[in-house]
Every structure is written in C-alpha cells, then in structure tokens.
Amino acid sequence: MKRLDVDLGDRSYPIYIGRGLIRQPELWAGHIPGQQVCVVSNETIAPLYLESVLAGLSDKSVCRAILPDGESYKTLATLSGIYDALLEAGHGRGTTLLALGGGVVGDMCGFAAASYQRGVDFIQMPTTLLSMVDSSVGGKTGVNHPLGKNMIGAFHQPKCVVADLALLDTLPAREYAAGLAEVVKYGLISDAPFFEWLEDNLDALLAREEAALTEAVYRSCVNKAQVVAEDEREGGRRAILNLGHTFGHAIETAEGYGTWLHGEAVAAGMVLALNLSRRLGWIDSDIEARGRRLLERAELPVAPPDSMDVDQFLLLMGRDKKVVEGQLRLVLLQGLGEAVVSSEAPVEAIVATLREAGIKG
Ligand SMILES: NC(=O)c1ccc[n+]([C@@H]2O[C@H](COP(=O)([O-])OP(=O)(O)OC[C@H]3O[C@@H](n4cnc5c(N)ncnc54)[C@H](O)[C@@H]3O)[C@@H](O)[C@H]2O)c1
Ligand SMILES: O=C(O)C(=O)C[C@@H](O)[C@H](O)[C@H](O)COP(=O)(O)O
Ligand SMILES: [Zn+2]
C-alpha cells in the first residue's frame, strides 16, 4: 500500500493506494468520527462493492443513497435523493458521507456533504481510474446545469481517499481509457519525466499491469496534490488542471452529458490546446505530435465531433468558469510539462485550430 498526503493545513488528508483496501476498514474507518454514515453509490457499483464496504461499517448506523448511473444524472434533482436519504434516516451534523463510485458519484456526494446541514464530513472511495487519479482529490464538488458543466458546486475536501486498485478489474475498457486522458494531462502540464514514463509504459498500463497502474495512480495523485496544496480554491495556478477542459466541457455540453465521456472530451480538448500552443509558437510540432500520439495509443478520440460548428464552440467556451470580464482564459503549453493560463490566444487562432480539426463555420 502506498500513502501520500494532501497538504492543506488543518484540512490535510491521506490518499491510500493499493489492492484490497475497501476490505481493510482498519485503514479508513478511523476517519469516521461519529456513529452515522451514509454510503452514496450508484445502481451499477452498489451490486459489485457495497457489501464489502458495509462489512467494514458493522458498528455504525448506516443509511444509503443509491443513485441512477450516468453523467446525465449529475443534477440538482438527483442530489435531492441524497438529502432525502439523510433526512429520512435522521442523520445530523455528525454524519459522514462515503462516496463509493466514479467522478459522478464523488462530485455529487461531495457537494451533498458540503451543503447538508451546512457541511458534514465525507470520504472518497473512487472506483474508476479517472476518479482515482483526479476527481477524488482536491475537493471540487458539484453538479452540471443544462447550459454548462459543473456550474453549481463548492470546494469541500474529503477526510481521506481510498483508491482500491482491485476495483478497476470490473471497469469497462472505454471508462479505463477515459481515465488515462487525465493521467496524460499531468505529464503535459507539470511532469515531463512522467510523460516520458507514460510513453514507455503505456502498453503495460493498457494491460492494467499492477506495477504500472500503481505508479500511474501514485504519480498522478502526487501532481494533483501538489497543485491543490499551492492553490486550493483556484485563485491562479490550480487552473492548469483544466488543460483541454474549456474545449472539452463545450463538447460534453453540446453533445448531451454522457454522450462523450468526460475523459474523451478532455482528450480531444487537449489536442486542440496543443495545436493552439504550437500555432502561437509556444511549443514545437514535435511536442504537439507526441501528445496526440500518446492519446491515440490510449484509445482516446483526438478530434472534436464534426456535429459541432465554430459558433457553438465559441458560445459554450464563453461560459467557461475561467472567463474573467468576458475574456477567455485557456490553459496552454509553453513546453512539455509547462502549462500556463493565458488570455493571449486571439480568437482568430482559436478558430483556425478548430477549423484545422475539421470544425465547420
Ligand atoms: N471533482 C473533480 O476534480 C473532477 C475531476 C475530473 C472529473 N470530474 C468529473 O468526474 C465525472 C467523470 O467521472 P468518471 O470518469 O469516474 O465517470 P462515472 O462516475 O460516470 O463512472 C463511469 C462509469 O463506470 C461505472 N463504474 C464505476 N466504477 C466501476 C467499477 N469499478 N466497475 C464497473 N463499473 C464501474 C459507473 O457506474 C459509470 O457507468 C465527470 O462528471 C467529471 O466532470 C471531476
Ligand atoms: O481539480 C481541478 O481543479 C480540475 O480542474 C480537475 C478537472 O479534471 C475536473 O474535470 C474538474 O471537475 C473541472 O472543474 P471545473 O471547475 O473546470 O468545472
Ligand atoms: Zn477533468
């Protein structure tokens, strides 16, 4: 088992990474101070793993909220189901929520914890690769709005993160690949040696070999924890974790939540960001090609959907949360592992990048 800590003063917490961890309550149950626990999961994951988690909570008073599965249910309406379960079971401010699921469950459970009775504790038990390397760490929680991704939410840090790699044995290949997009992101934004390691070890990672998987989850979490510790509430540098997301969120919103997986949209978005960075003369074409190639090898889409046009992209990108006083700010690269947040890209360059990727208009 590997452990690393997210260093946030009195809100610091450990991330545990290893196989079989959900069956080791001695590791995580100590992070539950009270008697009441609410396990939040979904209808796909609960039949697989809920019993194992409940076995570790036999001395607690437990309620459960089992949500419908899918990005299209990451809504305020679904969130109400969590509050209903908590209130019907009589849970008070001492309760602890436990998110057993991917990023959708984790984001919603975290937001329920941030808001229920003005804030209670929660634990992240991520079950997808994407949630182990990204969404369970850092405290961004929330839900989507029909007009934009993650538009309603709060920063609320978990008390611990339990990344049990054995859970990935049942994860479908398409979902696994989506998680690899966020893994590649860390190499591109802040860790060139990790990017090179990924180039050398992607086949082992695609085969889900234990050693490669452990290393990829650990290095991803180290990178994310470092950025979050520097800038917890995205006043500045944390926005580099959004590489490809301004384009990607536009794709997810335009296509209907869940049509493109988040990681798929981010992969296509990162290729656009690489192209734009090269167009501005900030990276050479070799870095652009290597980024694109690694994402292709990871079985991810590297072009946006041709159902979108330039105007739709610009409209949706204009709603991005990084926009300041109408000014688009994009995460771009100035080298491998060197991301910056910049408003310097002229709209003409953005349009040229979209057109080169096959977008009409
Ligand atoms: N908060 C953050 O910092 C952050 C970071 C990245 C992404 N996100 C959000 O995370 C979401 C995407 O998360 P995701 O990729 O985990 O998708 P997801 O939560 O939708 O899970 C993917 C699918 O796999 C299933 N599944 C999960 N674990 C499984 C397992 N072990 N075995 C079999 N099936 C399993 C789920 O039921 C679901 O159908 C998006 O909403 C995105 O916006 C948030
Ligand atoms: O943790 C962060 O910060 C991120 O930006 C991580 C992203 O991968 C993630 O998709 C996040 O949910 C995006 O947040 P948003 O604020 O751009 O909606
Ligand atoms: Zn993301």
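The backbone N, Cα and C atoms fix where each Cβ goes, glycine too.
Positions annotated as NAD(+) binding site by TrEMBL: 69-74, 103-107, 127-128, Lys140, Lys149. Cβ neighbour count for Asp69 (NAD(+) binding site): 18 (other Cβ atoms within 10 Å of its Cβ, all protein chains included).
Residues or ranges marked as Zn(2+) binding site in TrEMBL: Glu182, His245, His262. The Cβ neighbour count for His245 (Zn(2+) binding site), using a 10 Å radius and every protein chain shown, is 25.
Here TrEMBL flags 66-177 as domain '3-dehydroquinate synthase N-terminal'. Across the domain '3-dehydroquinate synthase N-terminal' (66-177), DSSP helix (H, G, I), strand (E, B) and coil residues number 50 helix, 32 strand, 30 coil.
As annotated by TrEMBL, domain '3-dehydroquinate synthase C-terminal' applies to 179-323.
Across the range of the domain '3-dehydroquinate synthase C-terminal' (179-323), the DSSP-based residue counts are 104 helix, 3 strand, 38 coil.
The Cβ of Glu182 (Zn(2+) binding site) lies under 8 Å from the Cβ of Leu130, Val133, Asp134, Ser220, Gly263, Val266, each of these being in the same chain and 6 or more residues away along the sequence. Checked against ligand 2, the binding-site residues Asp69, Glu71, Tyr73, His245 give His245 in sequence order as having a Cβ less than 6 Å away from one of its atoms. Most Cβ neighbours within 10 Å, among the binding-site residues Glu71, Asp107: Asp107 holds that distinction in the structure as shown. Highlighted here are the binding-site residues (Asp69, Tyr73, Asp107, Thr128, His262) whose C-beta falls below 6 Å from ligand 1: Asp69, Asp107, Thr128, His262, in sequence order. Cβ proximity to the Zn(2+) site centre (mean Cβ of Glu182, His245, His262, cutoff 8 Å) flags the following additional same-chain residues: Leu130, Asp134, Ala181, Lys185, Gly244, Gly248, Gly263, Ala265, Val266, Gly269. Mean pLDDT for the domain '3-dehydroquinate synthase C-terminal' (179-323) in this predicted model: 98.
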